[in-house]
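What follows is a short report on a single structure.
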Amino acid sequence: MAVLEILTAPDPRLRVQSKEVTDVAAVQTLIDDLLETLYETDNGVGLAAPQVGREEAIVVIDLSENRDEPLVLVNPKVVSGSNKEMGQEGCLSVPDYYADVERYTSVVVEALDRNGKELRIETSEFLAIVMQHEIDHLSGNLFIDYLSPLKQQMAMKKVKKHNKLRAR
């Protein structure tokens, strides 16, 4: 397993459309690396393969307090959603910036688990929001895309400042 570099906006690799995984067995190391990378962050709850420069349609999520209950979603799709509300989001690829985004509070997601078994997850509240956020990455979308141009500029200023501080 390896901790991978998390890309930050405006890296063009974050905008790449993910490719469907056809052989789940072939991506087990990537799944492990995504989980290890997620667990190395201070406050991350989800990570998508494009955030580490990979094109596979894979998302990992762990909302548990002890970070020991990973949810692995391969080729996930939101098939339905209801009850939109505004809620604050952040992103490991847009560090140090948080903003209100409108999302469904209840969703149905279909995916494969890490063993290739079909999943259909009906969930609400925070997990529903995180799933939508991470699945957006698979289409090359960031949460700041839902914001006004002014707020997008503010977000990018924060990211540039974060990257300068990190480079020191």
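Glycine residues also receive a Cβ, built from the backbone N, Cα and C atoms like all the rest.
Taken from Swiss-Prot, the feature active site covers Glu134, and the record attributes it to sequence analysis. What Swiss-Prot records for Cys91, His133, His137 is Fe cation binding site, and it gives sequence analysis as the kind of evidence.
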Which same-chain residues, if any, lie at least 6 apart from Glu134 (active site) yet have Cβ under 8 Å of it: Gly46, Leu47, Ala48, Val59, Ile61, Leu73, Pro76
Extra residues within 8 Å (Cβ to Cβ centroid of Cys91, His133, His137), Fe cation: Gly46, Ala48, Gln51, Glu89, Leu92, Ser93, Glu134, Asp136, Asn141, Leu142, Phe143
Largest tally of Cβ atoms lying within 10 Å of a Cβ, found at which of the binding-site residues His133, His137: His137
Long-range Cβ environment of Cys91 (Fe cation binding site), under 8 Å and at least 6 residues apart: Tyr97, His133, Leu142, Phe143, Ile144
